[in-house]
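Noted in TrEMBL for the protein shown:
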- A:49-254: domain 'ABC transmembrane type-1' (DOMAIN)
- A:52-75: transmembrane segment (TRANSMEM)
- A:87-105: transmembrane segment (TRANSMEM)
- A:135-155: transmembrane segment (TRANSMEM)
- A:182-204: transmembrane segment (TRANSMEM)
- A:235-255: transmembrane segment (TRANSMEM)
- A:280-307: transmembrane segment (TRANSMEM)
- A:327-353: transmembrane segment (TRANSMEM)
- A:328-534: domain 'ABC transmembrane type-1' (DOMAIN)
- A:365-389: transmembrane segment (TRANSMEM)
- A:401-422: transmembrane segment (TRANSMEM)
- A:470-492: transmembrane segment (TRANSMEM)
- A:516-535: transmembrane segment (TRANSMEM)
Amino acid sequence: MHSGRGWSFASLLVAALVLLPLIALGAAALRGDASLWPHLLQHVLPPTLHQTALLLLGVGALVIVVGTGSAWLVSAYDFRGRALLDWALLLPLAVPTYIVAYAYMDLLHPIGPLQSGLRAVLGIDSPRDLRLPDIRSLGGCIFVLGFVLYPYVYLTTRALFLMQSATLIEAARTLGAGPRTVFVRVALPLARPAVAVGASLALMETINDIGASEFLGVRTLTISIYSTWVNRADLAGAAQIALAMLAVVAALLLIERRGRRSQRYNTAAQRARPMTPTRLSGAAGVAAFALGSVPVLLGFVAPALYLVERSIARLRFAGLPPSLLDATLNTVATAAAATVVIVALGVTVTYAARVAPGPLAQASARIAGLGYAVPGTVLAIGLLAPLGAFDRWAGDLIEGFVGGSIGLLTLGSGAALIYAYAARFLAVSAGGIESGFARIAPSIDHAARTLGETAGGVLRRVHLPMLRPALAAAALLVFVDCMKELPATLLLRPLDFETLATTLYGEAARGTYEDGAVAALIIVLAGLLPVLLLARVGRRAAETLP
Amino acid sequence: MDGVSWSARAGETVCLLGHSGCGKTTLLRLIAGVERPDSGSIHIDGEAMSTPSRFVPAERRRVGMVFQDYALFPHLDVLRNVMFGLHEGTRAQRAARAQAALDRVGLAARAHHYPHMLSGGEQQRVALARALAPAPRVLLMDEPFSNLDRRLRDRVRDDTMALLREAGITAVVVTHDPQEALCIADRIVLMHGGRVEQDAPPQMLYRQPASLFAARFFSVLNEIPGEVRGGRIDTALGSFDAAGLSDGPAVVGLRPRDIVTASDGVAGTVTDTLFLGDLTQLRVRIAGHALPLTLHLPAPPTVRPGQVVHLRADEAAALRFPASPNV
């Protein structure tokens with residue numbers, strides 16, 4: 001099929017674009033001074049790896065406990081406010097890790113509202129007499145990241161509990177197992193693959209995070225890559241650390257893939273009727289609601305309220321920060337441009353797998369989807385060398401023609417940013433579009449083709465109109481992800497180009513919290529949109545279950 | 001569900017029979033305690049399980065249940081599935097008891113296989129062994145044979161029932177299959193629209209159905225309307241003893257085997273014949289009755305459509321019901 005070949009070639013090209021930064025990363029690492037390796041292995045990697053490992057362990061444990069606990073609470077019990085909690089538990093997803101860290105730094109500061117309030121209540125005058133554990137620590141970072149990232153585990157295990165056949169739970173109960181035994185011996189072991197998927201996604205976010213760990217003083221691999229490049233301009237060194245980080249990511253990816261595989265097998269139960277939750281009334285119901293609210297309060301309500309309060313204070317005091325409008329426009333423009341590119345690439349990859357199925361299309365789709373696992377910092381370091389080289393080459397070429405300098409073509413224009421966003425978020429758009437395609441019967445394609453339409457024509461005249469909701473959802477998710485992105489943006493943005501995220505990062509670094517609060521609030525409000533979408537989709541999925 | 005009341009004697013197998021949606025599975029789930037009734041009460045061994053003031057949760061009822069999809073735990077092997085309900089004794093003792101339960105269903109050799117490695121029939125037997133291992137006071141089974149293919153089903157069913165009778169287990173079995181209910185039940189509770197239509201031993205239910213619904217449930221039924229006058233019902237197929245029905249419209253029900261050909265019978269025209277193997281089905285149109293009658297004759301077909309035959313009903317087997325417009 002002629003047009004099929006064109007599509008699979010396009011898909012291959014997309015895969016190559018995603019792979020390029022990783023290959024370039026390897027090349028950059030090799031080009032570095034070989035004598036650096038011993039130094040790196042002896043002095044840089046051990047402490048950062050140690051910190052990163054502790055952080056991952058702590059966050060992993062916390063997200064698993066909070067995520068599965070809350071998922072079980074709203075799945076197995078019915079109480080007043082359960083429907084609210086069901087989606088409210090997703091809210092922390094709206095807040096990027098760096099914003100929560102930023103909010104908590106001020107909230108829990110010795111002269112911040114919480115500690116001052118406590119002192120007032122307890123009648124203590126000096127901050128020195130009441131010492132709470134410092135949020136700027138590994139423990140603080142685990143706390144912040146854990147309560148922001150637990151929704152990944154909540155989402156996957158909740159979905160699994162909904163799909164799990166109720167008869168398994170009922171069988172356990174007729175065999176004499178009480179609620180606790182049912183959870184520990186049946187529900188939890190069955191949910192293990194979903195827990196693994198959710199936890200590995202949360203840990204990928206942890207590795208990707210740059211703001212929270214930096215604000216809270218944890219030297220993770222990401223931080224050390226960033227500072228190796230920004231402070232020491234040592235690209236080879238940064239690339240070498242990035243390679244070490246990719247090894248960690250590969251391990252997480254393996255866990256995730258394995259989880260997804262065994263999940264299919266564990267939920268193969270036929271005609272699953274979801275379990276009927278146990279009704280809790282009176283004090284038990286109130287206690288359940290209170291318990292379920294804790295993660296929402298810590299992960300969303302407290303930091304969001306803080307941001308609202310700070311923003312109002314700032315607006316009253318000095319009006320809108322003048323730079324905010326620029327930053328907002330910059331953010332929206334780059335995110336919108338990136339969204340168009342990413343959705344188009346997502347359609348290309350998934351449509352190629354449909355019209356020209358085979359190992360080639362499958363492999364390209366797989367590779368194209370890998371980017372979500374690659375931390376933004378690593379991606380950016382990998383892109384610096386090839387894009388820099390391209391800019392020099394293109395600059396020389398154009399200078400030869402027009403005689404004047406045009407500056408850096410990709411790194412100077414924000415095109416590099418869009419490239420990085422595309423590589424990182426392609427999986428998000430491709431995933432959504434793919435599930436949209438899956439709902440279109442192949443016979444529709446065959447009907448259109450037998451009526452004389454080409455593959456491209458079918459896409460344009462049949463699929464795209466049918467896919468509109470899936471495309472809109474994918475675009476929204478991608479747009480908000482781009483808006484929130486910090487690590488790659490920090491490294492690849494043009495000089496003096498500020499987005500909302502980088503503005504906030506800069507204000508936090510300077511310690512001028514109030515000025516960043518408005519920017520943070522805008523990001524959180526935008527971040528709420530996909531969460532609401534997710535909650536609606538989840539509810540609809542639960543309703544359509546037999 | 002409304003006004004449902006029945007009880008099972010110890011060691012008896014009771015079938016809850018009815019079309020899908022009649023409430024039989026709900027009833028079973030109420031007995032198991034996995035669902036809560038709005039009103040009414042449930043007793044096991046004379047002990048109140050569910051009354052307006054008391055609700056014993058499923059895990060403390062000591063009932064065994066075999067689910068329609070078997071509900072074997074996919075993360076546990078066969079032995080540990082059976083051990084799940086055993087709480088007393090050391091691990092070794094519990095394993096020995098589980099092994100013995102597997103032995104009884106002939107699956108001792110499969111103890112360390114996982115559920116997905118077993119055939120449907122084997123999974124059903126594991127589910128049975130798991131439900132029986134803790135020595136429940138009553139065994140509940142929800143369409144336990146419906147997921148098996150037909151040839152396997154008869155064997156598994158015979159083995160299961162033999163095991164239950166040998167062990168003297170009280171069982172409540174939900175099924176929608178009348179043949180299955182007839183052959184396994186000591187007593188059938190026929191349900192319809194959330195009510196008990198009739199509660200009787202299989203033979204009685206078949207021979208003396210309490211309603212047209214019950215009569216229709218077990219086979220094709222020729223329903224011939226008639227008029228009761230002076231102790232007789234006059235129909236297009238002759239006159240029948242009214243058996244106590246008062247004067248007025250009535251319906252005579254005849255199963256296909258209870259109409260035979262006889263030279264002195266009512267004349268009718270054969271509309272079609274169907275060879276069923278052991279039987280031949282004839283459809284015969286007679287004067288004064290709109291629908292053709294269905295007959296099952298033991299012989300191979302000797303008549304052809306269009307031919308005239310003479311029919312006579314077996315009066316002793318005829319079922320009589322007062323005509324009521326809504327059944």
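Count begins at 1; order follows the chain as displayed.
Even glycines carry a Cβ here, placed using N, Cα and C.
Here the transmembrane segment (A:87-105) has long-range neighbours at 70, 74, 135-136, 140-141, 144-145, 147-152, 154-155, 205-206, 209-212, 215-216, 292-293, 295-296, 299-304, 306-307, 484, 486, 501, 504-505, 508, 513, 516, 520, 523-524, 527-528, 530-532, 534-535, 538-539, meaning same-chain residues at least 6 beyond its ends whose C-beta is under 8 angstroms from one of its own. Note on the transmembrane segment (A:135-155): residues 51, 54-55, 58-59, 62-64, 66-68, 70-71, 89-93, 95-97, 100-101, 104-105, 108-109, 195, 198-199, 201-202, 205-206, 209, 212-213, 215-218, 295, 298-299, 534, 538 of its chain, located 6 or more positions outside it, place their CB under 8 angstroms from a CB of the stretch. At the 8 Å Cβ cutoff, the transmembrane segment (A:470-492) and the transmembrane segment (A:280-307) share fewer than 3 close pairs (sequence separation 6 or more) and do not count as touching.
Same-chain residues lying 6 or more positions outside the transmembrane segment (A:182-204) and placing a CB less than 8 Å from one of its CB atoms are 56, 59-60, 63-64, 67-68, 71-72, 76, 149-150, 152-157, 159-161, 164, 168-169, 172-173, 249, 252-253, 255-256, 258-263, 266, 372-373, 375.
Long-range contacts of the transmembrane segment (A:52-75) within its own chain (CB-CB distance under 8 A, at least 6 residues past either end) are made by residues 82, 85-86, 89, 138-139, 141-143, 145-147, 149-154, 157-158, 161-162, 183, 187-188, 191, 195, 198-199, 202-203, 206-207, 213, 218, 220-221, 248, 275, 277, 288, 291-292, 295.
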